[in-house]
Protein chains: 2
Amino acid sequence: MSVTAPAGFIAAGVTAGLKKSGGLDLALVQNLGPLQNAATVFTSNRCKANPVLWSEQVMRDGRVSAIVLNSGGANCYTGKIGFQTTHATAEAVAEALQVSAGDVLVCSTGLIGDQLPLGKLTAGVQEAAAVLATDAAASADAGLAAAQAIMTTDTRPKLSSHRSPTGWSIGGMAKGAGMLAPGLATMLVVITTDAVLSSPQLDVALRAATRVTFDRLDSDGCMSTNDTVSLLASGASGLDADLTEFTDALIALCTDLTLQLQEDAEGAAHDVAITVQNAGSEDEAVRVARAVSRSNLFKAAIYGNDPNWGRVLAAVGTVDAADAAFDPYGIDVAINGVQVCTAGEPDQPRELVDLKPRAVSVVIDLHEGSAAATLWTNDLTHDYVEENSAYSS
Amino acid sequence: MSVTAPAGFIAAGVTAGLKKSGGLDLALVQNLGPLQNAATVFTSNRCKANPVLWSEQVMRDGRVSAIVLNSGGANCYTGKIGFQTTHATAEAVAEALQVSAGDVLVCSTGLIGDQLPLGKLTAGVQEAAAVLATDAAASADAGLAAAQAIMTTDTRPKLSSHRSPTGWSIGGMAKGAGMLAPGLATMLVVITTDAVLSSPQLDVALRAATRVTFDRLDSDGCMSTNDTVSLLASGASGLDADLTEFTDALIALCTDLTLQLQEDAEGAAHDVAITVQNAGSEDEAVRVARAVSRSNLFKAAIYGNDPNWGRVLAAVGTVDAADAAFDPYGIDVAINGVQVCTAGEPDQPRELVDLKPRAVSVVIDLHEGSAAATLWTNDLTHDYVEENSAYSS
């Protein structure tokens, strides 16, 4: 059901001709209200794409009527012409849906440095708006089509939805993998709800959720110029949601989408969960896990079904003392449940570790405090190199 | 000629049986004096190997009589037994050469987490010492054998030497590539000179040289637990060296060895020089270049002969504003001499860039200040993944 699961949202996915493959490449999601509240989290990359620069302006008043998303081009590093393309796309949506362009979020994904064809974009917007006007009843299919239209090298659409016991709903769609999706740049996520929540409440919930979900997916260590996670509330259920309960449901939904992104990461052969426990703080646990997740030697070893715990510790040791407290010679490491290292010395034989299953668990015990965090990553494979070595050609 | 080019140094490389391949795996370099001055730079990894912990103690008085190096095992995360193995190795050298164990540096390279066989090590030390005693005249061959004995997945020994116009010499040998040599962990470098220089002078020269050479080689972003660069002075030429002149010669020699390491990096198909110019400071230039050098998407694109400058800018944008000042929309990028991006917009067509040659130049102009730095890296290839995916098995 995706973004159309909650009441008050309609969606469409159409073929605008932006993708060489000829597949669906433009998605439109409209919030019919009565509320048009929203929150967003954008990439922290200093090189932000034009649609991010535009959408940051849109979010100043926390009001969003619609969101338009395209694959087939990131519209990043395309200068003033690129910004005008984004602006004109929002204007086309505004005209077609009779809303204000200043309330239209724009997201783009694809190659950096190429201009998008504005004519195809605006024609695609008109077609999508026509679908919304005539076919909104078929919202389940439309939600799927929208999720398909934002796919780049994704092999399958990512959807999730949840209905609370009290009657309100959340739905979401996502594309990409990692902060810079391996291959095509960008993680885009749209989440909708029919709960009655203000934009500031949505913002609190969204930041709490992304901090422990999308922010902890680090498939390839690369950060996109286009990442956008948006949360729109229609209030169409008429039901107030308890913010804690809503945040918990949102975290569950974002976790589901995060794991779908991890599972579909380009070329990946293993889904690796790195848990750092007994850290001085949750932030310190994340920093240590991130260092390991970014070690190409560790990632290549996992690909080779090699439980090379020395590479785990070598990566842990690169974390500055100011960033995480630990005794480098007091660390334990377990891989898939086998404690291969205790207090910095070999423990169980590495031959006991079975790395053939796709799911891999690495647990690092710092013996420093009581905080813990899990970060998700993938292995470094031949397919990753292959898919990313000639993308723009 | 390697480390035996300067007067006052003899060397040997022998087979101790540590490597499965049965090749040379133990090197011994002795400083016959009259001076026994030295300086070292060790890994900044907090997880230091036992030989590094030992050698840090040796360096407290800046006096080094000999250095023993083994491949076939890193002796890292091997606990007290591992430290005792390092200590006993130094004692074996001391006994064989009639020097103090406290003046013997130890370096190891290979897999982390496995104990080294002490019996084979001490027998190897005795054999190497016998070579030194009987065959020191054949120093040219011995220097080559020593360089071969520290190879792991290196395909060729790395040697360099230089004779100053005034008569003193420097010689050096190196193994590995990157801060954690892709595959086998560790960059080890031994440099010798017969110039008359004090340990504090050697320290100043060595830090100045490593800062702009080995520290700027970042083949795979991984930092070793065993990295050791040592500089030993025998004073045997009887010639005082001007410190500036010596440092310049040392930088040239270290640059030569650095480029040999880059050229032999595991699986690499391209040698990439990333130059950041017009930065606010040299450190800022290095930080920006390092961010690019660690982008797997950029490195995979280079492997695919794809001049994907968007991935360069996406990586530049990940650098914190506190770490490097620049306007993210005012950056130029040139690849192999073709200016593909000017002020954040497409310039020359990417098709004009020829990435077939092994040498690749990426020039990033920040238009912020007047400082510049070059960092060397390699591409991300199928062979890198292959060689690193099953090393310990």
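Glycine too: its Cβ is placed from the backbone N, Cα and C atoms.
Where the annotation comes from TrEMBL, it is an automatic prediction and has not been curated.
As the structure is a computational prediction, the values presented were derived from the model and not from experiment.
Annotation comment: TrEMBL describes A:Thr186 as active site, nucleophile. Under the heading substrate binding site, TrEMBL lists A:Thr152, A:Lys175, A:Thr186, A:Glu266, A:Asn388, A:Ser393.
When the C-beta distance to chain B is held to under 8 angstroms, the binding-site residues A:Lys175, A:Glu266, A:Asn388 reduce to A:Asn388, listed in sequence order.
In the structure as shown, the Cβ atom of A:Glu266 (substrate binding site) sits within 10 Å of 25 other Cβ atoms. For the binding-site residues given as A:Thr152, A:Asn388, the lowest number of other CB atoms within 10 Å of the residue's CB is seen at A:Thr152. Annotation note: A:Glu266 (substrate binding site) sits in a coil segment as assigned by DSSP. DSSP classifies A:Lys175 (substrate binding site) as strand under the three-state reduction. DSSP classifies A:Asn388 (substrate binding site) as helix under the three-state reduction.
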